[in-house]
Structure formats: structure tokens, C-alpha cells
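Enquirer: This structure is in C-alpha cells; I'll ask about it shortly.
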């Protein structure tokens, strides 16, 4: 797992730097030889539309200038956001619970990736004072439009610098060790303690040899065994396992969670602070943290395995790192300028609004063309309004859900609004319907959808009391020695 994380960090940074480099190059409108990054040699008149070229061109790309452009504040901020999302997505499918505190683990991966990226860019600026030559053939005058450039040489240089930066970063090494250890079962000091006990038993108590002090030593050994058993069941290491970006949270009404009782509700500013708060409270066995209210709900009592496993099963990592920050409001009036959010549903007249923000101000616009579609569909289904909005991805459209709008938010700059148009809800017509037409795309809303930040997500966690395995082994060995020794003593007394 450690090697996989190392590879993920390299791929995450390289791909995002490559994409940013391509964006910079592809946005250049170059006149003659005045391009900052690309100098293209041409002869004669006419425009060049260099579309999708890779090697059939005659140009030079200034690596140093490109690296400086990557390093400017706006580009760097955008890169950091993309790297953060890619880094999180890179470990989807990993059971974060086995890594302990997911809040810390995710932040460590993101921060380390950004550090490596910064080092790689600085190295590009310092080391490279060269231009990469490519060839393009053109005769005539005119402008040159560069589009969809993808150069293998740039990719090689970026990959090399990212690898160098990663290999010299101590935080990467720590992450690799952390992920590697998560898959190993490790008992500190186990071998030495068992070995010491065996040596003590055979040498001092005389097992297999001379019986020395058995009348006192072996009863004491049995008492020590009982003490070791007691310590094994009562002396535990208290650790917390957390998960972020969760849909399903702990609730005393959940199946299997009936043994939990509400302990306390407190204000906590961050997900990390919430997990620390529960860990420090000796009565806390599980917690939920709500990012909207900034409150932690702690639970006491017995945490059944069924309850814990059900929460873990429902909080899968398939899409949790890809979620967008989409705020939906509902009300019985149309939204006003001060209403914040991305989408607004007027439940009274069944209208859907979207907020195209300009200059950081709210600007609400109604999807007027869709109002009639929604109303007509609702009337046909015998209701006066649609009931709910759900969110997901277009390729994962659910089964028929009458009276529902489905919002696909998987795209970076727009939403797709689907309506479940079931006109036949009973009988043969429903069974024999064309299921591909259950959902109809009624609108595409162009919005700048922000990615979720880690602290803008709900999280939950459980306390795990881990027994010390070496104590159990000590108890068993002491019990064995005590019983055998007492038996030898009784036999000797009879003789």
C-alpha cells in the first residue's frame, strides 16, 4: 500500500502540472515570434491554426518561462485545489478506517502533494534555461493559434522533477511508512517479553530440571497469571478511527445502534477537533460532526459491531472525494438577492431557480421553460408538486422515482436536471414501459461548481479499545507454568 501511495503522489502532481502547462500553451495567440512560451518559425502569409499537433511543428517552448507562469499566484492556487482533489480521489477505495484518523491522513496526503509540487516548480525555474524544439511547417503571413498541444518532452521533464522532489521529501517517506504499517499486525515488544518469561521460568523455577522454591514460586506464578488475565481485559489502548465525507452517521435509531445513548452535544470548529474531543472524553464511544452547525454529537454506551459495520458499509469511498459544494435551498417564495445558494426550489409554484453569481453577488434566474414540463408531469401523476430533489451522476441514474428531480453534478461547470416522467404507475403499462425514458433531461444549468473542502464535510468516528495481545500470551504461559509446577510439587511431596 505504501508503494501505491508513492506512485499516486507522483501521478497526481505530474498530471495536474501537465494539464496546467497545456492550458497555458493552448491559450497563447501568437503573432510572428512574439510568443512568451512558444516561438514558431514561419515564412510567408496566412494564419496558422496549430490544432492537436505533437511533433509536426517548428517551435521552441521556454521551460523557465513556463515554470514561472505555473508559479504565479492565481495559477498556483488553482493547481493546489486540483491537486487536493486528485490526491483525495487517488486513495478512494482505501478503507480509511484502517489508517486511524482519516481527518489527519487526508490532510497529510494533500499537504505533502502540494509541497512536492512547489519544490518541483522551483527546481524547474532554477535548473532549466532551455527551450524545447518542435517542428511546424507554414508559408505566408498571419497569426498562429496554438490549440491542444501535448508534448512528450514537457511531460518527461515534469515527471523527472516531480520524482526528484518526491524522493527528497521526508513527509512522503512518513506517508509510505504509515500506509505500509496500516496493513501489518504489529505487537510491540511481544517477542522479547515472551522470550524473557520463558527464560525466567525455565531457569528460576526449574522446569525440566531441578525443582527450586516450588512451594512458593508456582503459587505466585498462578497469581501472576490471574493478574495478567485481569490486566488483559481491563488495560486497553484507546484509539479513535474516523471517516470523512460521510452520508450515513451514527443514530440511536439505526439498526443495531440501540445500545448507544446520547452523551453530549458541543460546539467544535473542525473535523479534526471533533475527533480529538471524543478521544479525550472517557465516556465517548462514537461521534458525529456536522460541518454546517459546527457541532459534535457524542454517544456513550455499548457500540455493537453491527452498528459500527453498518455505518462503515454505507459510507463507501467510491465517490466521496469527488463531491461538489452544491447548496440547495427550498421555500414557499421566490429567492431574493440576499438568498445564498446554488439552486432554489419554490415548493409553492413548483419552480426551480439557479444562482449565476456575478461579482460575488447573488443573481437568481428561473428555469421558466421547465416550469410547464414539471407542472404537466405532476398533474399526470396526480400530484400538485414534485416531492424531492436527489443528486448523483448521469451514468448512475436510479430506478423509477416518481415525483422527483435528479441533478447530475459530476461536471465541473454545469448541472444536468432530469425529471422522472412516469405516466403509467400501475398495471402492465408500467411493467412494459421503455425504462430508458424514465428520466428525461429537461435542462442544463451552467454554473461554476466549487469542489468541497475537507472541513466542509460531515464526519463520524468510533473509539476502539484494543487489548494488549502480549499480556494474554503472558497470562497463558504463566498459567501453564503454574499448573505444571504445582503438579510436579504435589508429585514430589507424595514421593
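Each residue, glycine too, has its Cβ placed from N, Cα and C.
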Enquirer: Quick one: sort out which of 150-182, 183-215, 216-248 is the coiled coil according to Swiss-Prot.
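Expert: Comparing 150-182, 183-215, 216-248 with Swiss-Prot, coiled coil matches 150-182.
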Enquirer: Per Swiss-Prot, which of 448-468, 469-489 is transmembrane segment?
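Expert: Going through 448-468, 469-489 one by one, Swiss-Prot flags 469-489 as transmembrane segment.
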Enquirer: For the coiled coil (150-182), what's the mean pLDDT in this predicted model?
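Expert: Averaged over the coiled coil (150-182), the predicted model reaches a pLDDT of 71.
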Enquirer: Counting distance between Cα atoms, which of the glycosylation sites 111, 262, 457 is nearest residue 349 (N-linked glycosylation site)?
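Expert: Of the glycosylation sites 111, 262, 457, 457 has its Cα closest to that of residue 349 (N-linked glycosylation site).
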Enquirer: Whose Cβ, among the glycosylation sites 111, 262, 349, 457, has more other Cβ atoms within 10 Å than any of the rest?
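Expert: By the 10 Å Cβ neighbour count, 457 comes out on top.
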